[in-house]
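Notes follow once the structure below has been shown.
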Amino acid sequence: MNGTEGPYFYIPMVNTTGIVRSPYEYPQYYLVNPAAYAALGAYMFLLILIGFPVNFLTLYVTIEHKKLRTPLNYILLNLAVADLFMVFGGFTTTMYTSMHGYFVLGRLGCNLEGFFATLGGEIALWSLVVLAVERWMVVCKPISNFRFGEDHAIMGLAFTWVMAAACAVPPLVGWSRYIPEGMQCSCGIDYYTRAEGFNNESFVIYMFVCHFLIPLVVVFFCYGRLLCAVKEAAAAQQESETTQRAEREVSRMVVIMVVAFLVCWCPYAGVAWYIFTHQGSEFGPLFMTFPAFFAKSSSIYNPMIYICMNKQFRQCMITTLCCGKNPFEEEEGASTTSKTEASSVSSSSVSPA
């Protein structure tokens, strides 16, 4: 084995020189230069500095403006809540431990950080699944006269939390475990060892199949069918131009969210699967650190996409930030009105664009 396994940790360095120490008790500066830990801390501070305001603003603006409180927006707000979980439960912890050079918060802190990071990522993934299914149901109409209502949105929210908990909770109760990874300043699922009594192998397979591959298959199926339906509707001119345009805008926004999720999380998932299938092989601390910390940036892209691609939300956000008056409203009056009308063709089936 090209690493050192201890009680509740695995360090990717053979302890031939005797310098390897527990990541819960000693700085890990023998793994990489101390400056790298400072850089990680600064990176996490940047994510907090951006992630908290944009996600909180998304929640606040939607709650303040009644016209934004549509069923589909409930799911988008769910993404903001998940991101805030990651910011408060994960990022603050990781920034603090990076500043110390080791996981100074001990096993409890590791469990909390790993849990919140996993929970937030899974809520985001399953929210994208619900959005994909909603787009498929509304645009492709496999069920005639289907309207995505408040009851559907609430069921979708409950579904995302149940599925996320089904992935994040088991390591807390003995099916696998959370351990420090990479530079030993953040925690994740134990892909690294076959520690006796934790059944890591079965949990990792369960997680990859049920909480990564199956959701992605559902998403790709829905958007494959969606693409075909949009082309057919455009060719047949079955719906009004404003309705088609509004549905395309919403679908485009959700597709970009899915692509951004894949860009952020696929490197981490790929490296984790490689480590799991090549346990004992040689790899450095940075091998897992880069994809793990890159995945954490997912907390800021969803609200940024939402703000950039949803003109109605942008107008409401500017109004909120400017104390109830939008200084650009007069300049964009006619354009904004036409866009709002297009986005409001059917609040239950076309929101939130």
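Each Cβ is built from the backbone N, Cα and C atoms, and glycine gets one as well.
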According to Swiss-Prot, which candidate among Cys110, Cys266, Cys308, Cys316 shares a disulfide with Cys187?
Cys110
According to Swiss-Prot, do Asn200 and Thr277 sit on the same side of the membrane?
yes
By Cβ count within 10 Å, point out the most packed of the glycosylation sites listed: Asn2, Asn15, Asn200.
Asn200
In whole Å, how far is Asn2 (N-linked glycosylation site) from Asn200 (N-linked glycosylation site) when you measure between their Cα atoms?
19
What stretch, picked from 37-61, 74-96, 253-274, 287-308, has the most CB pairs under 8 A with the transmembrane segment (111-133)?
74-96
When the Cα-Cα distance from Lys296 (N6-(retinylidene)lysine) is computed for each of the recorded positions Asn2, Asn15, Cys322, which gives the smallest value?
Asn2
Give, as a single whole number between 0 and 100, the mean pLDDT over the topological domain 'Cytoplasmic' (225-252).
70
Counting other CB atoms within 10 A of each CB, which of the recorded sites Cys322, Cys323 comes out lowest?
Cys323
What are the DSSP helix, strand and coil residue counts for the topological domain 'Cytoplasmic' (134-152)?
10 helix, 0 strand, 9 coil
